Amino acid sequence: MEELIVELRLFLELLDHEYLTSTVREKKAVITNILLRIQSSKGFDVKDHAQKQETANSLPAPPQMPLPEIPQPWLPPDSGPPPLPTSSLPEGYYEEAVPLSPGKAPEYITSNYDSDAMSSSYESYDEEEEDGKGKKTRHQWPSEEASMDLVKDAKICAFLLRKKRFGQWTKLLCVIKDTKLLCYKSSKDQQPQMELPLQGCNITYIPKDSKKKKHELKITQQGTDPLVLAVQSKEQAEQWLKVIKEAYSGCSGPVDSECPPPPSSPVHKAELEKKLSSERPSSDGEGVVENGITTCNGKEQVKRKKSSKSEAKGTVSKVTGKKITKIISLGKKKPSTDEQTSSAEEDVPTCGYLNVLSNSRWRERWCRVKDNKLIFHKDRTDLKTHIVSIPLRGCEVIPGLDSKHPLTFRLLRNGQEVAVLEASSSEDMGRWIGILLAETGSSTDPEALHYDYIDVEMSASVIQTAKQTFCFMNRRVISANPYLGGTSNGYAHPSGTALHYDDVPCINGSLKGKKPPVASNGVTGKGKTLSSQPKKADPAAVVKRTGSNAAQYKYGKNRVEADAKRLQTKEEELLKRKEALRNRLAQLRKERKDLRAAIEVNAGRKPQAILEEKLKQLEEECRQKEAERVSLELELTEVKESLKKALAGGVTLGLAIEPKSGTSSPQSPVFRHRTLENSPISSCDTSDTEGPVPVNSAAVLKKSQAAPGSSPCRGHVLRKAKEWELKNGT
């Protein structure tokens, strides 16, 4: 009986060092109480387990049998646990949490490392180990910390080092609860600095391979940066791997080497191995995955022959042992709560990646708009912490920065630049401009903004997307045709000015009742609207959006009309300047010829010096005019190319504007020999103080389409047929 009690007491002491569930801990407490009652009745000498741990290193082990004749060793009075340090901890301070037991305060193992071991920036190849390094001492935290919620229901907890992006290490309290890894910056924090669901993660153990390296656990999740944690020993790494496997597989059944994925998204083992083998190694201790074991491409290939003998004998070589990796496939990744609620189901998503200019450097940030604030996150998965938050009320949106970054827009407050953002495409830029205009409460029309560094096609896409986004953000409905119905279905601008879209039709049949109809990719006109009342549209004029005429939706009709008109006006001005410059050059050349003749006549006379001075000035003026003529020719060529592109888009859209007779193409029947003044577009009022502006000529186009006898193509064909009859008659 006495031997059984002694062995049972030793067994309970061994259980204090193991990770136990709450049920086992309760049973252990009951057995301990029974054992204490038996020992007190039998007269056994019972000692507290915590006092044994404190005096284990300095005092001999207590006898296993009761020896009453041996005097009891003197024990110092219990002065209570040491207080927490008030000053900041040294750089090499390291703690490891010991598993909790019932009725005890959490214990932590501390050790001190030198500064060289804490940094991975520089590695040493010295293989000598210091004997005094890594000695462990135990201390207990105060009793009021024993009930802290951080580690109450934790499966395992410890202070581990986390590897930062540039190789630095930072200490975190890592706790595993349920199926999540929680990282706290301090044990006094109530909210975790990082929360990582273990489902869908791959955990890799990277052994220590040199003096300056550490035992590392690498946790990789698809779409995120890997999390690298440093542990003290291989045994601790195996404990963490075991607990992580139990934490996830305990919900569905027994612990396996690989947890099966959910049946809704099956992932075969061969596909998983193929996917893992295609990943590029990001650490010195990683390699290519083959049959669940990670092998290294570097040293292992060189020493493979040397290690073959030891492997044949049933042992593992040093290099191979360092590269053994335990990979746990824990199913498909579940989106976090913040990702599920990040406006993914809204009509217009108010989040996305943008390039942000910070300290003269462009950085990609995940941006989202929430509660009239523009919030910048480092990554899409890290939504609980943000870099900066900008209130949008009172801000002004200004597109453009320079020619190198054409898709850039800025946020200004009281004339001061708050943020500089760059989108990845014209649609993305228009979406963000519409969102920011709606959130800032601005009454600015997206087309009233100046897009200085993008062309007509891109600006049309930006403006149209911005208008659509603005209407969605304000819960307004854009009708398929603004000339149908009342003004309540049109685009209602905050300033009260009615803005009309192009008459390019969109599909009404494919739109469901859940979402409001969206206008096509046409561009709205700026300035004055037509004074005529809206009329009922001709159903024959409705164009279905198919592959044959999909190019019509690539441009904004009215914007191209206005741009073509502006380019034609500019071309006329340049041609006039060119003609005037040519006449001036001819006059200067004639004067220069006369001066040279006069100098030859007055050779050796007094007026020769005056004539030579005049000739020098005349030649200088000729050079200036010649340089001006070259610049004018280049500008004229550029304007002609732009006009050609605009007219090509006009042919696609069926515009009313026509090219000049000098630039008309004889192959196209649309290019008729008539001037711009005879076109229907001239009847619209396009006067503005800023110059030519886009106009909305829908009513005029409908009038021209309603008259079948006035078709220019038909008149052209009849005239040609009459000419052929006259030729045949002669």
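Note that Cβ sites are derived from N, Cα and C of the backbone, with glycine treated the same way.
The annotation N-acetylmethionine is assigned in Swiss-Prot to M1. Sequence annotations record features per position, and here Swiss-Prot assigns region 'Disordered' to 47-91, 119-140, 252-292, 512-537. Residues or ranges marked as compositional bias 'Pro residues' by Swiss-Prot: 60-85. Annotated motif 'SH3-binding' per Swiss-Prot: 71-74, in sequence order, evidence recorded as similarity to another entry. The compositional bias 'Basic and acidic residues' annotation in Swiss-Prot covers 268-283. Under the heading phosphoserine, Swiss-Prot lists S282, S283, S548, S664, S665, S668, S679, S687. Under the heading motif 'SH2-binding 2', Swiss-Prot lists 451-456. Residues or ranges marked as region 'Interaction with F-actin' by Swiss-Prot: 594-637. For T675, the entry in Swiss-Prot reads phosphothreonine, with the evidence type similarity to another entry.
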So, by DSSP, how many helix, strand and coil residues make up the motif 'SH2-binding 2' (451-456)?
-> 1 helix, 0 strand, 5 coil
Which residues, given as numbers and ranges, are at least 6 beyond the ends of the region 'Interaction with F-actin' (594-637) yet have a Cβ under 8 Å from it?
-> 571, 574-575, 577-578, 581-582, 584-585, 588
Residues near M1 (N-acetylmethionine) in space but at least six apart in sequence (CB under 8 A) | none
Within the region 'Interaction with F-actin' (594-637), how many residues are helix, strand or coil going by DSSP?
-> 39 helix, 0 strand, 5 coil
State the three-class DSSP label for M1 (N-acetylmethionine), counting H, G and I as helix, E and B as strand, and everything else as coil.
-> coil
